[in-house]
Amino acid sequence: MSEGESKSTHFGYKTVEADKKAELVAGVFHSVAAKYDIMNDVMSFGIHRFWKRHTIEVSGARPGMKVLDLAGGTGDLTAKFSHLVGDKGEVVLADINDSMLKVGRTKLRDKGIVNNVSYVQANAEALPFPDNHFDIITIAFGLRNVTDKDAALRSMNRVLKPGGKLLVLEFSKPQHEIMRKVYDLYSFKVLPKMGELITKDADSYEYLAESIRMHPDQDTLKQMMVDAGFEQVDYTNMTDGIVALHRGYKF
């Protein structure tokens with residue numbers, strides 16, 4: 001790359017300047033924030049609740065722990081963690097998108113979840129937290145939207161305590177051909193129509209489908225976590241690999 005030439009990355013299937021992607025992704029989530037929870041239930045037939053519940057179970061969160069729910073959006077995981085860590089624990093819901101943070105804050109406060117939760121607008125690539133600060137970090141359905149995923153994983157490793165655990169819940173690659181065909185049909189034909197009907201925004205859900213296809217597969221993400229300094233990295237496929245939960249530790 002010549003001096004002064006801009007780096008590029010992908011926004012769905014489009015190639016864009018790397019420094020423009022965050023703004024484009026922000027536009028997607030500003031658009032869908034108000035109907036985000038409804039769309040999650042509709043487009044996953046409610047199965048996202050099972051995926052998130054499994055993530056909570058695997059986390060091993062206990063009273064007194066500090067948890068970072070990164071790209072935490074509307075707060076589904078934060079709500080569960082708040083109960084698990086108790087009054088002596090702390091949960092930070094961090095998201096780069098202020099519209100999502102506002103929805104999450106309002107939802108959790110309406111549920112009476114206020115005492116041990118704080119909200120931070122933050123870029124995953126440069127987390128504004130001290131070194132060795134959190135016992136658990138989760139990032140659910142957020143990593144694929146990050147421009148520099150390697151930088152984000154290194155940043156997560158930095159703020160995780162020794163002995164701490166990172167959980168990455170993300171759309172991935174179906175394991176069987178018939179599921180891949182059904183999933184492609186659903187993603188590219190049905191999902192945008194749902195988005196248009198419910199949020200009046202088909203384009204954002206076209207981006208969703210494309211961003212999933214451009215995201216690293218299970219083994220590639222596993223190696224990226226290893227390269228970022230995580231150890232004992234493994235993953236569990238759910239729903240035939242439509243979603244994978246990656247787990248890594250910092251020692």
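For all residues, glycine too, the Cβ spot is worked out from N, Cα and C.
On a predicted model such as this, the values are computed, not experimentally measured, just so you know.
In this view, Asn123 (S-adenosyl-L-methionine binding site) is surrounded by 17 other Cβ atoms within 10 Å of its Cβ, with every protein chain counted. Per Swiss-Prot, S-adenosyl-L-methionine binding site is recorded for Thr74, Asp95, Asn123, Ala124, and the stated evidence type is sequence analysis.
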DSSP state at Thr74 (S-adenosyl-L-methionine binding site), helix/strand/coil: coil
